[in-house]
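Input: one structure, supplied below.
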Amino acid sequence: MADHEETLEPTLQNVLDQKSLKWIFCGTSLAVHFVGRAALVRTWAAPLIRETNVTVSALGKTTTSCSLAIQLAQVRESVLLISTDPAHNLSDAFGQKFSKEATKVNGFDNLSAMEIDPTSAIQEMVEQSDSNGMMGTMMQDLAFAIPGVDEAMSFAEIMKHVKSMEFSVIVFDTAPTGHTLRFLSFPTVLEKALGKLASLSGRIGPMISQMSNLMGGQADATEDMFSKLESMRAVITEVNTQFKDPEKTTFICVCIAEFLSLYETERLVQELTTYEIDTHNIVVNQLLFPKKGAPFPFPFPASRLTATRPDSNCEHCRVRHKMQQKYLNEAHELYDEFFHIVRLPLLTEEVRGPAKLKEFSRMLVEPYQPDTD
């Protein structure tokens, strides 16, 4: 990497120091998941990767969010770590099973975690309210006809639940870019949807109640449904306001030093700016730091394999290191002035379990110093 004077400290200490923060999002720029041979690709890279049985999502997002939560637990009264990524990895990271209910993380008194599926929350709400037969189904279909309202309602249920638990800070381990951006747009979507439904309730509510009576349904079922929707408005409005407040909310981008990841990170930063969501930290993960004449980590994450050359470094590793430095320099040119850029090394073993996560978490607040002797 070219020598240059960094404008901002290359750590996440600024996040720990900002005690006013309530919502912290950790998100990646790229992730691709495959089930069998069917590709479920969440970025424009879809045509590039086909016909394979592997999973590609290891940019270090979950490790970073878990490690940040551990560091926050040392300076905040209570911390909640939430995974909204359908490929839940918190349980794997901590070696402990988590569910949709907040559960204390083993070894911590003030750190809890939960894994939620935004798409299932709305289904549960529908099932709980589906006691009015055909009329109930009709009203659900009517309400969810508004584009995006089903996912937004799931978000509302999650936020309502989270706010009731009163944690001092909440860390989100989010899904990849597209998923995350939809998630962050839900407050605005839901506010608009609730406005439309409130107007709809005034115009056709009495008529639907009469139809419900004629068909043997409960007369107040429609009012109850609209009342539940309306009751979410205050919660969503408050959350929407807090998300746009840099004193309350920030987004930490996690990427690797490659073209596609850097490209997607820039797209993410631009979108966050559009949504008026603060972001001023970027974690660049899996960096190679050459050490002359010593074993080099095999260039895949979470691997214990090593490759050794007696008189020189691994050729593949040297080439990869050169490529990483190119894109790391570009990242500094783009973001040095306004972003804390945290550099993390590619490790030779997985970061799993509380002990290893604690050790890894120190690199978020103490700049990593490679041994190049």
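These residue numbers are counts, starting from 1, taken along the chain as shown.
For all residues, glycine too, the Cβ spot is worked out from N, Cα and C.
Below are the features I grabbed from TrEMBL:
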ACT_SITE  D85  active site
BINDING   C314, C317  Zn(2+) binding site
DOMAIN    59-365  domain 'ArsA/GET3 Anion-transporting ATPase-like'
Around the Cβ of C314 (Zn(2+) binding site), how many other Cβ atoms lie within 10 Å? Please give the count over every shown protein chain.
20
How far is it from C317 (Zn(2+) binding site) to the residue listed as 'active site', counting Cα to Cα, in Å?
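Answer for this pair: 31 Å between alpha carbons.
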Among the recorded positions listed here, D85, C317, whose Cβ has the fewest other Cβ atoms inside 10 Å?
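Counting other Cβ atoms within 10 Å of each of the recorded positions D85, C317 gives the minimum at C317.
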Would you mind reading off the Cα separation of D85 (active site) from C314 (Zn(2+) binding site), to the nearest angstrom?
36
Per-residue pLDDT averaged over the domain 'ArsA/GET3 Anion-transporting ATPase-like' (59-365) comes to what?
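Summing pLDDT over the domain 'ArsA/GET3 Anion-transporting ATPase-like' (59-365) and dividing by its length gives 77.
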DSSP secondary structure for C317 (Zn(2+) binding site), reduced to helix/strand/coil, please.
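The three-state answer is helix.
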